[in-house]
Amino acid sequence: MIKRLRTFSVYAVMALICAAVIFPVLLAVILPLQSDDELRKTLSPLIRFTGQYSKIDYIAQYPTFNNFKELLLYSPDFYKVFWNSCLITGSILVFQTLTAIPAAWAFARFKFRGRRLLFDIYIIFMLIPFQVTMLSQYLVIDGMKLMNTRLAVILPAIFSTFPVFLIYRGFADIPRDVADSARIDGANEWQVLRYIGLPLGKSGILACVVLSFLDLWNMVEQPLTFLKNKRLYPLSLYLPMLGADNGALLLSAAVVILIPAVFVFIIGQEELEQGIIASALKE
């Protein structure tokens, strides 16, 4: 009886947490289907700060897609910032992965003096938030004359330490006998990495790509710090530009922005789980 009660309590708490997480997302999806008058009536107490309670009609009386139509057909700025997000996120992902793979392979397969200390430094840098290094990055980027360019956001993110940490675990789990056999057959280190390391460490690499995409797609502080030209803003800064008065358009944009992140997560969910599990295992 006590065991069943404990199990029920655990599931009840988990259900409440799931409901608390899912409810705002469902609300963001449902509200844009309302007409302008319905949505204005719902959001008015929140926007005007009248002190009144906001009564939310969860089911639209007259469901409409006009808000999405206005966003996708009559808002050219949306496509401009969407392209900026794709360009910034895609560039960082490609070059970040290309730099992280050799570094992770070196940590996992080579034995050299100071290797453990250097890897610990990588972990420390991974734990440092952007706010701590923001000023130093700003000074370096300003000295390189890259302020107010996409490179100001792309370059610092390429050399992030988190992908190295995540990919490292997958490479470290590869049996050394397999790599040694390839070397005996005449393969050089790059061939061992290409034909053995990449296929066997694929789960860690794909997990890194998925997590990095979710982080980069929603980053706010970096572009807000280094970009002054609003034509270069990504999607993450587009929502504040709309303002609270454009609640219907804002909620519609939030749903559209959410779609790529959800799609990438669903596609890479299995690899993400395998990569995280592998990175949590000890040597």
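Using N, Cα and C of the backbone, Cβ positions are placed for all residues, glycine too.
According to TrEMBL, the feature transmembrane segment maps to 12-33 (among others).
Annotation source TrEMBL lists transmembrane segment at 81-105 (among others).
What TrEMBL records for 82-268 is domain 'ABC transmembrane type-1'.
Marked as transmembrane segment by TrEMBL: 117-139 (among others).
Residues annotated as transmembrane segment in TrEMBL: 151-171 (among others).
Per TrEMBL, the feature transmembrane segment maps to 192-214 (among others). Within the chain, the transmembrane segment (192-214) has long-range Cβ neighbours (under 8 A, six or more residues past its boundaries) at 89, 92-93, 96-97, 100-102, 104-105, 109, 160, 162-163, 166-171, 173-174, 178-179, 182-183, 261, 264-265, 268, 271-276, 278-279.
If you look up TrEMBL, you'll see 247-267 (among others) marked as transmembrane segment.
By the Cβ criterion (under 8 Å, sequence separation of 6 or more), the transmembrane segment (117-139) is in contact with the transmembrane segment (151-171), since 3+ such pairs are found.
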